[in-house]
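**Q** Copying in the features that TrEMBL gives for the protein in this structure:
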type: TRANSMEM; residues: 27-47; note: transmembrane segment
type: DOMAIN; residues: 29-424; note: domain 'Major facilitator superfamily (MFS) profile'
type: TRANSMEM; residues: 67-87; note: transmembrane segment
type: TRANSMEM; residues: 94-114; note: transmembrane segment
type: TRANSMEM; residues: 120-141; note: transmembrane segment
type: TRANSMEM; residues: 153-174; note: transmembrane segment
type: TRANSMEM; residues: 180-201; note: transmembrane segment
type: TRANSMEM; residues: 247-267; note: transmembrane segment
type: TRANSMEM; residues: 282-304; note: transmembrane segment
type: TRANSMEM; residues: 311-329; note: transmembrane segment
type: TRANSMEM; residues: 335-357; note: transmembrane segment
type: TRANSMEM; residues: 369-389; note: transmembrane segment
type: TRANSMEM; residues: 401-421; note: transmembrane segment
Amino acid sequence: MAGDASGTETYTTDEALSRLGFGRFQALLLGFLGTGWVAEAMEVMLLSFVGPSVKEEWGVSGGAEGLITSVVFAGMLIGACVGGLGSDRYGRRAGFLFTAIVSGVPGFICAFSPNYATLLALRFVVGLGLGGSHVLPTWFLEFVPAENRGSWIAAFTCFWTLGTILEALLAWAIMPILGWRWLLALSSTPCFILLIFSSVVPESPRYLCSRVLLMTEDRLDEDTSTKSNRKNTFQAFWSRDLIRSTLLLWLVHFASYFAYYGLVYLISELSSVKSQPKDSSLYINVLVTSFAEFPGLLLAAILIDRIGRRVTLGGMILLCCAFLAPLATQLREGLSIILLFCARTCVMGAFAVLHVYSPEIYPTSCRNTGVGFASVIGRIGTIVAPLTTTALLENHRQKEVVLVMDLTLFLAGVACALFPLETKGREIH
């Protein structure tokens, strides 16, 4: 806080947020944007339940069934870039509307797909919307005081796990009775609920301040100003101050997504040995493994504002690496499940820290662009993980699966030690 020439007190955005503290408004915002995170998680998780039913109804091949998931991830690659650039250029609200409308409306229409090709095209569009969902934690972060920013973003990440649990329960109740079309329709309803109340949520104060600064600094004509703003965004993104952090962040994002989805497929493959078709084992597996994420989120929330982002992130990743290593050998089923659950706990804790640390690295003018590009690299990991894991497990090479995941995680753990910036309690620009 400082005084100007007229004696009026002035504040930075962080100082103003710290003076106001975390109150009822932030709690309501947490519930609103967290519901958006639930909606996105439900749209992603329904892929686990819809694919087998579509294959049975339309008689498509196993490869065509897998393509339903692949086109969503392909759409997310593009959507992450578009959503990041758009929310930095036109505001966080615009980014939110993009992800809610583009994932919600086509998601609902998917329920009326007359054939496989139409379903595939609509799921790709849904992926475009899901790719921009990283604006949700960033928007919330920009309203939270620096002192407890990490803990609240870790709490925000719990909504993703809540979404996976709700989707499993919904699928368990709907699929045996009404089928996959009803599941698709009902899974899209949270997006429409969000759109109803979207007009009452204010724009990010940090975004508004950054736009005022850009307008003040640039008094040129309108065309030149537009080009200059775009140029400034990319110059900041690739500046000497950020390039090292950006490249390290890409590696950590890739490893985290690769490990998370690799674990999902590894747990699924190992548990499917005793599963019988048409029973409830798939829903139970998703529920149990989703509950395993809560301890990691709790641990991240406790540590992130105490020992810092880098140590917590690196520790979670290396712990995941350690829990996976014994699985390279043949172990009893009970011990294998315990190790897999512990690894799932740690990788989810790492995700919680990433959702805090990634936007804190970048200034407001290019925050969502930076996070968006990191998300793109992570989405590549989601595509590579099932291809690598399923291909090796089909040839009974569990040892190789574990070694690949451990190597990737170890490199990411080393990258965490090389980050030049610790953002615990630090003002974000």
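First residue shown is number 1, and so on along the chain.
Cβ from N, Cα, C; glycine included.
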**Q** Mean pLDDT across the domain 'Major facilitator superfamily (MFS) profile' (29-424), rounded to an integer, is what?
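**A** Result for the domain 'Major facilitator superfamily (MFS) profile' (29-424): average pLDDT 78.
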**Q** Find the member of 153-174, 311-329, 401-421 that has more C-beta pairs under 8 Å to the transmembrane segment (282-304) than any other listed stretch.
**A** 153-174
**Q** Does the transmembrane segment (180-201) reach the transmembrane segment (247-267) with at least 3 CB pairs under 8 A, where each pair is 6 or more residues apart?
**A** no
**Q** How about the transmembrane segment (67-87) and the transmembrane segment (401-421): at least 3 CB pairs under 8 Å, pairs 6 or more apart in sequence, or not?
**A** no
**Q** Which listed stretch (153-174, 247-267, 335-357, 401-421) has the most C-beta pairs under 8 A with the transmembrane segment (120-141)?
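**A** Going through each listed stretch, the top one turns out to be 153-174.
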**Q** If we skip the immediate neighbours and take only residues 6+ beyond the ends of the transmembrane segment (401-421), which ones have a Cβ under 8 Å from one of its Cβ atoms?
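**A** For the transmembrane segment (401-421), the nonlocal Cβ contacts are 244-245, 248-249, 251-252, 254-256, 258-259, 262-263, 266, 310, 313-314, 317-318, 320-321, 324-325, 327-328, 361, 388-389, 392-393.
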